[in-house]
Amino acid sequence: GTAVRRFLGPLLCLLALRLPAGSGAAGPGLDVASYRERVRAMFYHAYEHYLESAFPYDELRPLTCDGQDTWGSFSLTLIDALDTLLILGNVSEFQRVVSVLQEGVDFDIDVNASVFETNIRVVGGLLSAHLLSRKAGLEVEAGWPCSGPLLRMAEEAARKLLPAFQTPTGMPYGTVNLLHGVNPGETPVTCTAGIGTFIVEFATLSHLTGDPVFEDVARKALKALWKNRSDIGLVGNHIDVITAKWVAQDAGIGAGVDSYFEYLVKGAILLQDKELMSMFLEYNKAIKNYTKFDDWYLWVQMYKGTVSMPVFQSLEAYWPGLQSLIGDVDNAMRTFLNYYTVWKQFGGLPEFYNIPQGYTVDKREGYPLRPELIESAMYLYRATRDPTLLELGRDAVESIEKISKVDCGFATIKDLRDHRLDNRMESFFLAETIKYLYLLFDPDNFIHNDGSDFDVVVTPYGECVLNAGGYIFNTEAHPIDPAALHCCRKRKEEQWEVEDLMREFYSRKKTKKFTLKRAPDHGEGKNAKDSKDASSEKAGEKRNSKKSSHSLLSCPSQSFNSKLAVLGQVFLDNT
């Protein structure tokens, strides 16, 4: 308990750390304002070509100047880029896009979608835009932030994912059909991240809508992973969600596992939840004991702790940023500097880097413009103001512009050795890479608010404070205002407290004829647990079963992720 309190205290301070005006000009020769404007120009070069050549498809194909659907058929780049528009200060385009999305996006479609990707990109993007709507000058409903069109869209998308969670373990399938639910014959094997990356979005949904089902399924999935960790405290890469047997037993911090650890920390901060933080701190001990070597992190066998792959994956570069959130800044910087040496070697991070050989791994030489190292630089710069972190930002701008920029946008780098390109621009380039770069170079952005500015909003549940800072980024870099989670439940909790006091008073008087009926369950929160009884749990079950007709999705199986070691076969030729 003490350790958890020690960590929880400084977390929001780190997140809300604000630099004095003008302090961006750290380091001679690095003009922060100039790089900020170059990042802005990069955004519009990509965004405008998406609108011209690819919309309404999910993604831009920058080499052929056309579009393709990838993760569903949601105009995904538009949803993913929405909050970036506001962070860049473009209020009018934010308003226009909100209107376009309300008219044009339909989740009632016969599409097999990744539960994980739909949650982080679509649900996360819509929730963030919903919570930023008022700041963007949109006229909001009287009940906002507890109601609103973008919140309804986020809830509709999330309900389509609920059928995936109806398994004996509570761990979700990786893929769901948005119209029909989980397909018969769907594989029950899901990656760890595809099970443990829901609490940020789903708890936010539950707190805003009053329906506890979302937070409940997310927590159940998190706890199932915790329960199935190995005796030495590690989790593997893929698990069977029906039998809870580990199929891929590689333990590490990268692909297939990454955002599970991230969401234990971010969920703990968002919900001020000591249990989630203590889970992470236990994992952190095991990770240090078994996978950390000279400030690198390797892959090990989850039961024995023996090294299975001495590789660094580009997805692991989020880890220093996560370490900074728990106050472990010194270790974070040492690991960051290791990763930065790889960037400098190639002008980007290859998907896999063989640490002993100091070179790329066959078929994993690409860099799809990922954000993770830039994300860590942003967090660490808030914490340390070390100018080395701005230099990474500079290097990222220079190399992405030099290698990846084409007439129609920015193309994925297929091979960092010879700079061959691929005909794809992932939506996370605008959602994450550009956003973290911009925030690194913009110390006075509203996202970095230290609490000195805030808005007071009147809701049906009383007054509430918003936009005071401390934003929690989901794993697709969509910022969630933690204060919003307290806007839509206060009155209900007070009502329960009053009812419980009255119930106690009447029972003491032994006047049984007064039986107070609890109001319908519209609020959910950890402080309300004691006042809930079995009937409200049954109501939640009923709600869940009522939605069982909706379809769900499964774990992300992305072409650029390696199939991790199963029975010793680490790299398969057909991937």
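Cβ atoms here come from the backbone N, Cα and C positions, even for glycine.
If you check TrEMBL, you get these features:
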type	residues	note
ACT_SITE	E117	active site, proton donor
ACT_SITE	D258	active site
ACT_SITE	E351	active site, proton donor
ACT_SITE	E372	active site
BINDING	T475	Ca(2+) binding site
COMPBIAS	518-543	compositional bias 'Basic and acidic residues'
REGION	516-556	region 'Disordered'
SIGNAL	1-26	signal peptide
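Annotated features, which come from TrEMBL, shown on the structure.
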| residue | record | CB count, 10 Å |
| --- | --- | --- |
| E117 | active site, proton donor | 24 |
| D258 | active site | 25 |
| E351 | active site, proton donor | 24 |
| E372 | active site | 25 |
| T475 | Ca(2+) binding site | 25 |
How many whole Å apart are the CA atoms of the residue listed as 'Ca(2+) binding site' and D258 (active site)?
10
Among E117, E351, E372, these being the active-site residues, pick the one whose CA is nearest to that of D258 (active site).
E372
